[in-house]
Each structure stands twice: as C-alpha cells, then as structure tokens.
Amino acid sequence: MQPPGDNAPAGCPFSGAHAAQPAHEAPHVPGDAAGEAGWHDAQLDFSKSMSYGDYLSLNSILDAQHPLSPDHNEMLFIIQHQTSELWMKLALFELRGALDAVRGDALPPAFKMLARVSRILEQLVQAWNVLSTMTPSEYSAMRPYLGQSSGFQSYQYRQLEFLLGNKNVQMLQPHAHRPDILEQVRATLEAPSFYDEVVRLLARRGFPIAPERLERDWTQPMRHDETVEAAWLEVYRHPQQHWELYEMAEELVDLEDAFRQWRFRHVTTVERIIGFKQGTGGTSGAPYLRKMLDVVLFPELWHVRTTL
C-alpha cells in the first residue's frame, strides 16, 4: 500500500479531502452552462416532458393532508392512515387479479400476486410502529377534532375483509350516505370471496365438494365444511400429486397469518394509545378489535393441520 504523500490520491471521498482532478475529467462548468451539460448525464430540464412528480401526481398526494387541530402530531395520524389506504388499494388490486387468475386456472400468476399481498400486509404491520410513537397525551389533544370518523368506516378495508371471506351485511350501513361507494362494497359482498373461488377450483380438480358449498349465499360468512377439509387433507397427504393446490394452500395460510398480525398490531397500538376507551366510530374500541382476532378466514386450512 502506498503511504500518504504528495503523489498519493486522496482517501475516502466522504472524509472531506479533495483529490487532484484527473487530467481526463472535464473542468467544472459554472452557472447555466453546467445545467446544459447535465449532471451525471441526467436530464435536468422537464419543461417539455413528464417529470417524476408529474407521473406520480405528487402535488395532489402531498396536498391531501389537512389537519383540523393545532396539534403537531395530527400530521402523523393523517399520513399513517392515508398511506395505509394506498397499500390497501394495491392489496385489493392484487387480490382481484389473483381471483381472476384462479377462475381461469392460471395458478402461477395467482401465487405471485398472493405473495405480494402478504408482503403488503407485512408493510402495514410495520407501519403501526410509527403510529405507536404517539403518546396518549398527544392523541388526546387531537381526538376532539376527529368527530366520528374512524378506520372502522374504511370502505377499502371493508372490501378487503369481504374479499377474504369475512362477510357481514350490516357493514354496508356505514357507506349508505355514499351511493357510489356503497355500490362497490355491495358488489364485493355479493360476489364469491377469494377462498370461495379456491374451493370451486378444488371441485374442478376432481375433489368431491358438497354442492351446497359450491353454490351458497355469498353474502354470508363462511362456515367449516367437511368436504373442503377432506380435499385439503388429500392435498397435504400427497403434495407431489397436487403440487399447485398444495402451493395455493400455503399461500393462503401465509396470507391469513400476515392478516392476523396486522389485526394484532392494530389492537396493541390502540391499547397503547387510548387504552380501553370507546372508539371514535362508536365501537367498544380495543375489545371490539380483540374480538376480530378470533375471525378465521380459511377454517379448513387451519383445522386440517390437526387432522393430518
């Protein structure tokens, strides 16, 4: 190694030392001329082309935060929920794409989309860590300004629940004042859930699924079905013979596992910030959220682990 000296190049570029400019480098070009030459060959003039901000509609997104209270912490509360809604939008997009793929018996693309939804849910789980930096005192300062608005009223979350099979006709009521939104939520309620379509897939693959399970009232929550569990039992006992269905089963378990973690972190964050006070939307708050932890989306896939 060459010792430092007059002829040695400068060390780490982050140290503040400056190396002599190599002879082959162009000299520094000041002012407007530098802009014309570009910076690392990057395009710098976007007066006639689409920029990053244009493509992402950043003006609209970054102007969508309107705190109602004078409290500093309300910005965190707003952005936490807005970003969660964006992730839910993507989760719904991917789930619906996976559902279409399952209907068309194209399982590999569905696996990719389901895996992405699980990663989205992991992202949502981690987001609670940011909101949990808000203390009870800080939340109390802004809570009076929230009125009766609550995450309970999120129509994207409701569609996500319905699409995953947790159906409840009463959950249409919070959206009755918005006919356009009500139509979207009702359509998801009345259609087969993702798991319903997977059960139909089992039937198409030759498993004897009870007819009443294949054609039921889609607005009702799912109940455990012995014929569906028997099909999954066969899949798990002979995975090599039913590899695509085996992989589908595990993707669904991954998905529900991530969904449960999201729900759990929601509960613990609420308990940490507001304790056991009533929620702004009128629910019992943390006790209501804890009750939701008992909801099982894909019952046969969990029970079959006991019978194997």
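Cβ from N, Cα, C; glycine included.
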Which listed span Swiss-Prot calls region 'Disordered', if the choices are 1-35, 141-175: 1-35
Secondary-structure category, per DSSP, in which R143 (substrate binding site) falls: helix
H266 (heme binding site) versus binding-site residues F77, I78, I79, R143 - nearest by Cα: F77
Count of other CB atoms lying within 10 Å of the CB belonging to I78 (substrate binding site): 16
Binding-site residues: H81, R143, H266 - member with fewest neighbouring CB atoms within 10 Å: H81
